[in-house]
Amino acid sequence: MPPKHRTPATSTPAASTTPRSTTTPRSTAPTQSPKASKNNTDAQRIVQDLWSSYQTRTSQRTKLLDTFLAFLILVGVLQFLYVVLVGNFPFNAFLSGFSATVGQFVLTASLRIQTNPQNEGEFKTISQERAFADFVLGSLLLHFFCVNFIN
Amino acid sequence: MSVQMEDNQLLKQATSPKTRGLLRVIILALIAGAAVSSRLFSVIRFESIIHEFDPWFNFRATKYLVQHGFYSFWDWFDDRTWHPLGRVTGGTLYPGLMVTSGVIYHLLRALALPVDIRNICVLLAPAFSGLTALATYLLTSEMVTSPSAGLLAAAFMGIAPGYISRSVAGSYDNEAIAIFLLVFTFYLWIKAVKLGSVFYGALTALFYGYMVSAWGGYVFITNLLPLHAFVLICMGRYSPRLYVSYTSWYALGTLASMQIPFVGFLPIRSSEHMSALGVFGLLQLVAFVDYVRAQIPNKQFQTLLRALVLLVFVVAFGGLVLLTVTGVIAPWTGRFYSLWDTGYAKIHIPIIASVSEHQPTAWPAFFFDLNMLIWLFPAGVYMCFKRLTDEQVFVVIYAVLASYFAGVMVRLMLTLTPIVCVASAMAFSQILDTYLDARKPKVPAKEEEGADVAKVAAAAVLPEGLRSTRGPVIGIYSYASKLTVVGASLVYLLLFVMHCTWVTSNAYSSPSVVLASRLPDGSQHIIDDYREAYQWLRQNTPNDAKIMSWWDYGYQIGGMADRPTLVDNNTWNNTHIATVGKAMSSREEVSYPIMRQHEVDYVLVVFGGLLGYSGDDINKFLWMVRIAEGIWPDEVKERDFFTARGEYRVDDEATPTMKNSLMYKMSYYNYNKLFPAGQAQDRVRQARLPAQGPELSTIEEAFTSENWIIRIYKVKDLDNFGRDHQSATAFDKGTKKKRGSARRKGPKTLRVE
């Protein structure tokens, strides 16, 4: 369930209102470690809360983007594993494949940030359509470079 | 130009936005025109000629590109340099410059304007300097609201000697286009950060890619942009805009930079590029944490975030050091070390230290290159501190970094100049905006002088005193003070223009291939020895005659004489250069086998003793010795070239090693015949030479130019009778000498008997 994995990462801007719940996502683990034992059972419940609120509050489009992001992460990890296990012989090919994944990830993440209604104040000049057009342009450039680099 | 700008200021109040826009376009066009024309001194004084050393290679490569097309340029293996090694030229150059002029060439041909490629190459740098002025205008306009700042910055950039030094007509070097790309990339980056737009991020990446293809100095951008992002994060200024702009720039820009064969995998291998990668990873983390923050808006989170940032930074830096130590990432290059420790290169890499543009900058150079901008610059930076928006943080960082680097290496003055122009234009426009404002305060006539310092002070002391001190109007409203300040600034601007013109015409417009001197009657005398000698080589030697010279002249020989060389200014193989250095600094018996092994046909030396031309080979000789000593410490010793008292001399007291070195012999061979006996004088080193000139046996003089600047020697073939050259020469002079010695011996023996 990759989408769930992504939940705390990219998709909870509108999700939760409980202040305590946010100390529990895994990535901020260093800060919560003292209270870990106390919150151990809470954590599971809160993650479930987050998940359900994510399900309800995120628009279908954004979910689509999140799925794509999760897919890109998966592909990136697979490529990396391949290199670790098998070796990096066609280094150009690996590099362009991996950078395509990373680049596409950040471009999609940017699109997601720009289309997030919460960030409207930050991106006054960028409409949803403009964001998508920029995304397409960026991706075209990215893949042009990758194809050129792949040998 | 400056006058017009003030006109613009005055007109501003009276004109509509449309007129103002038109005026601005006209002013920018004039600035670009001034920028181009002030760089044409060298063409007018001399002719349309490529300057100095490196440009000759670029010119040669451009000709190759135009003749053979792009693909063969890309795969170009050059067997006419670095004989016998050759050079994979296509993979070891920054092709941006050549491709740019190639594109312009073909574009003009398509428009039925058949322009000679040489003229395109000569005029490329001035043309791009006009564009640089425009880019500076755009960059400055992003920084401040005042419309005059951008125009001032453009004008400053157009004529600042710090930039002109590398962009006069004929100075066909990478920097010619790179500075434009640098400034424009920064403009796009600021725009991207401001708007948070992928479009501008992608444009930044594209121009960054262009910059990578054009100049090795792209590393400056590679480190400055991450530093900007990092500082913004540390200031707690992270915003989604930063994420969007930085990641889109990095993801695309890194890929774009890897398309250049010379850069290749460097962006993921070398330490110089790691900061960009680190900040990229950091931003992912910060973006993620930022989402989390969206849910707990408490104050503690700020400190938490900062702690996390610092922690990750430390971990990443540790990882970087670890990877560097274990050798996964290439360690820092020597040129990089010399940026931090100015003494490093001198000890470890003489080849880098020997290049004059890698020397630390002398203090007067700052004033010489930037004039009044250098003292306006801190004021502009201070003004950035006052408001400190995201883009002004950029100015501050850029200013600090570039100032440091400009102090370390002369050539990096070039990267400092744009930010100096921007910052000082901000300060200067602040002055003008304040003092050129013709508005009057709307107060009773009595209080018109309200801003008088005395009255303000009085108001502070006596808050309930006189009626006139009750509500002082703060500002400058007296025409006298306005006129004084504006007049003074005008004088400064005029002085600046005069200084720039003077510096450009006197210091930076010499091609250094052609020298100019003044005759006693004041008329100009052109000294054209270089081209005379190269033309001689071109016409009198076989097409594949190998020329040995010090590496400084490699590109020129390749470009002007079209003959293969042993070493040239692309100093990629230190050992090969050291070999040449050893041949130059050893005795003939040692040098001759070296030259035979490398199939050297001619040896070229530059000698300024007759003319007083100080950039000659005897003055560079110690570097040859040092570089050779780096490889053969047992055979070449720098100490042997100094007298017992530690002096470097060429006269009677010169050490035997010095006198027997090939370089010394070639420089002074036959030189004393120009003078009455015993009067031979070296005008560079102010030394009287020994009455008996050096003698050569393994090489013979082939050509000496009019003013003796270039001397060419032919390496003799093996002797027909199998003798060594010393005895062969002795035999040729032989009979005479023998008889002479016999005569001398005769009486001796007589006396003994």
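Here the Cβ of each residue, glycine as well, is placed from N, Cα and C on the backbone.
The transmembrane segment annotation in TrEMBL covers B:21-41 (among others).
According to TrEMBL, the domain 'Oligosaccharyl transferase STT3 N-terminal' annotation covers B:23-423.
According to TrEMBL, the feature transmembrane segment maps to B:92-108 (among others).
Per TrEMBL, transmembrane segment is recorded for B:120-139 (among others). Packing against the transmembrane segment (B:120-139) from elsewhere in the chain are residues 28, 31-33, 35-37, 39-40, 43, 48-50, 55, 58-59, 62, 97, 100-101, 104-105, 108, 150-151, 153-158, 163-164, 166-173, 176-177, 179-180, 183-184, 186-187, 190, 418, 421-422: each is 6 or more residues past its ends and has a CB under 8 Å from a CB in it.
For B:145-164 (among others), the entry in TrEMBL reads transmembrane segment.
With a cut-off of 8 Å between Cβ atoms, the residues of this chain six or more beyond the transmembrane segment (B:176-203) that come close are 96-97, 100, 124-125, 128-129, 131-132, 135-136, 138-139, 142-143, 157, 163, 166-167, 210-211, 214-215, 217-218, 220-221, 224-225, 228, 239-242, 244-249, 252, 390-391, 394, 398, 414-415, 417-418. The transmembrane segment feature in TrEMBL is assigned to B:176-203 (among others).
The annotation transmembrane segment is assigned in TrEMBL to B:215-235 (among others).
Positions annotated as transmembrane segment by TrEMBL: B:247-268 (among others).
Residues annotated as transmembrane segment in TrEMBL: B:274-292 (among others).
Per TrEMBL, transmembrane segment is recorded for B:304-330 (among others).
Feature annotation from TrEMBL assigns transmembrane segment to B:365-385 (among others). Distant neighbours of the transmembrane segment (B:365-385): 143, 156, 160-162, 165, 392-393, 395-396, 399, 406, 410, 413, 417, 420-428, 430, 492, 495-496, 499-500, 503, 507; these residues of the same chain sit at least 6 beyond its ends, with a Cβ under 8 Å from one of its Cβ atoms.
Beyond its flanks by at least six residues, the transmembrane segment (B:392-410) meets 143, 186, 189-190, 193, 220, 223-224, 227-228, 231-232, 235, 237, 338-340, 342, 356-361, 365-366, 377, 380-381, 384-385, 416, 419-420, 422-423 of its own chain at Cβ-Cβ distances under 8 Å. TrEMBL lists B:392-410 (among others) with the feature transmembrane segment.
Per TrEMBL, transmembrane segment is recorded for B:476-498 (among others).
Marked as domain 'STT3/PglB/AglB core' by TrEMBL: B:547-596.
Here TrEMBL flags B:725-753 as region 'Disordered'.
Annotated compositional bias 'Basic residues' per TrEMBL: B:735-753, in sequence order.
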Give the nonlocal contacts of the transmembrane segment (B:247-268) in its own chain as ranges (CB under 8 Å, at least six residues past its ends). 74, 90-95, 189, 192, 198, 201-202, 204-206, 208-209, 212-213, 218, 222, 225, 276-277, 279-280, 283-284, 330
Tally of helix, strand and coil residues over the domain 'STT3/PglB/AglB core' (B:547-596) according to DSSP? 32 helix, 3 strand, 15 coil
With the cut-off at Cβ under 8 Å and a gap of six or more residues from its ends, the chain residues touching the transmembrane segment (B:274-292) are 222-223, 225-227, 229-230, 233, 238, 240, 242-243, 246-247, 250-251, 254, 267-268, 305, 308-309, 312-313, 316-317, 320, 329
For the domain 'Oligosaccharyl transferase STT3 N-terminal' (B:23-423), the mean pLDDT of the predicted model: 86
